[in-house]
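Pulled from TrEMBL:
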- 364-542: domain 'Ionotropic glutamate receptor C-terminal' (DOMAIN)
- 374-436: domain 'Ionotropic glutamate receptor L-glutamate and glycine-binding' (DOMAIN)
- 489-512: transmembrane segment (TRANSMEM)
Amino acid sequence: FLSACDLMNQGILALVSSIGCTSAGSLQSLADAMHIPHLFIQRSAAGTPRSGCGLIRSNRNDDYTLSVRPPVYLNDVILRVVTEYAWQKFIIFYDNDYDIRGIQEFLDKVSQQGMDVALQKVENNINKMITGLFATMRIEELNRYRDTLRRAILIMNPSTAKSFITEVVETNLVAFDCHWIIINEEINDMDVQELVRRSIGRLTIIRQTFPVPQNISQRCFRGNHRISSSLCDPKDPFSQSMEISNLYIYDTVLLLANAFHKKLEDRKWHSMASLTCIRKNSKPWQGGRSMLETIKKGGVNGLTGELEFAENGGNPNVHFEILGTNYGEDLGRGIRKLGCWNPITGLNGSLTDRKLENNMRGVVLRVVTVLEEPFVMVSENVLGKPKKYQGFSIDVLEALATYLGFKYEIYVAPDHKYGSPQDDGSWNGLIGELVFKRADIGISALTITPDRENVVDFTTRYMDYSVGVLLRKAEKTVDMFACLAPFDLSLWACIAGTVLLVGLLVYLLNWLNPPRLQMGSMTSTTLYNSMWFVYGSFVQQG
C-alpha cells in the first residue's frame, strides 16, 4: 500500500497488482478513490487452487478495478464432472492454504442432490497424519476409511498432491479400484506425468488450459509483438515452470502497451497522474476514466489466449482441460484428454470408461475356488470327467469369459480353505494357490481383509454377504401385572419382607418404649399404623 502511494507521487497511468484477496481490497479502495485503472491478477499461495475474492463492486462510474484472471469456476467444473461420473459418496481432501469456503456452493448443491460428502484437511506433515490414522483407528474403522477413499477429490497444490498420493499408495490405504479427481488451475505437464506415475487406480486431472496456435511459426507472434521462444513454446521447461499468474502479468503488460499506443495515435494522451494518498484534499486523476475505457475496449491475444474485459470488469475467457487414465494395476500408466469445459458450452467430451477389449482369446486361465453355497457348487461329478460347477460366482466368471474370450479350468483348493498366513510367513488355502502362482484367478465367497490385500489383488466387491438371524415376532398381550416387570419376583418378595419386618420392629420398639412425640401424623402405635408408616416411608409418600 505504501509503495503504491510512492508510485502515485512519481506519476502513474495504471496499477497492476498480483496479490491475494486481502490486499486486493485495499488497492481497490485506493484505485477507486484516486481514479487509477487497477488491473488485479489474483495470486494464490504456493500453487494452491484459488477461492473467489468477492471484490465489492461499487457504482460502475466509481469502479476502477478490472479482474484480469477469470472468475473461479471450480464449483461448476467439479459438479459437472462428479455428475458425469455418477458419484454418490466421496471425500474431499484440501491443504492448509486452501479456503474451504471456496467450494461452499458445490457442497450445497451436492447436499441437495443427496450425495454423501466428507471433508478432510491434509496436514503439512503427511507422514505423521497417515501414521496417526493407523494408530487411532481400529481395524473396522480403517476398513471403512479405505472404502471411503475409493472416490476422492483433491483440492491442493501439486507438490502436496504428489506427497499425499505417495503416502496413501505405500501404506495400502487405496486399492486398484479407486478413482481420484485432482483439480487445480496450476498443474503443468510435468506435474501431470508425476501424478500419474505415483498413483494407482483411475486418475482424473482438471486444469486450466490456454489455446495454442496450430501453426508453429505463428506461436511466438501476437499481432506486432514477438514473444520469446522460451515463453511461447508450451514444451519449453521454462514455460512449463511458470505460474499462471505470471502468464497473466505478461499479457496485462502487453495489453497496457497497446492501450497506451492507441492513446498516442488518437492524440488523446493524458499526462501521468501525480497524486498523493496522504493528504485529505488530494483530488483524483482527471484522465482516469478515459484511460480505463481505453483499456476495457482493448484486447490482446497473448500467452493466456484472448484477454478482454466484459461490462462487469471481468475476463470471461477461461477453458478447463480434463485429463484421465483408465483403471489399471501398473504405476505410470498413460494419460489422455477426456474433454474440456468452459462456461459457455459446458462439457465437451465423454468421461465414460473405455470398454474392455476382447484381447484374451485363446488364453486358458486356471481358477482356484472353495465350495460355498450358493456361490460355488458342484453341479455334475461324473467319474473320469472334469467336475462342473454352478453358482453365483460361476455365473460372473462365465460372463467375463464370454465377453473377454478366454477359457478357464476350475479346481478346488487342496485344503478346502480360503487362506490365512502361517507361522513361516507363507499362505495356505485359496490365497496360497495364488501367491505361489499355481492359479491365475481365485473365485469364491472370499472376504476382503487387509492382510490378504497385501499379497493378492482383489476386484471391486460385487456382493455383500452376511449371516442373518430370524426371530419370531413377539405377540402383544395385555398383562395386568406389567407394573411388576421392572423387578424380578425375588426382589419384590424381599421388598415385601423388609416392609413387614421393619414394621414389626417399629411396633415392638414403640410398645416397649412409647414415644413422647407423635409418629408421623399418627398418635396410635398399633401394628396396623406401624406397617403403614414404614410403607409410606419406603415409597416416599405421606
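Just so you know, glycine gets a Cβ as well, placed from its N, Cα and C.
Residues 519, 525-527, 530-531, 533-535, 538 of the same chain lie 6+ residues outside the transmembrane segment (489-512) yet bring a C-beta within less than 8 angstroms of a C-beta in it. Taking the domain 'Ionotropic glutamate receptor L-glutamate and glycine-binding' (374-436) as a whole, pLDDT averages 86 in the prediction. Across the domain 'Ionotropic glutamate receptor L-glutamate and glycine-binding' (374-436), DSSP classifies residues as 20 helix, 16 strand, 27 coil.
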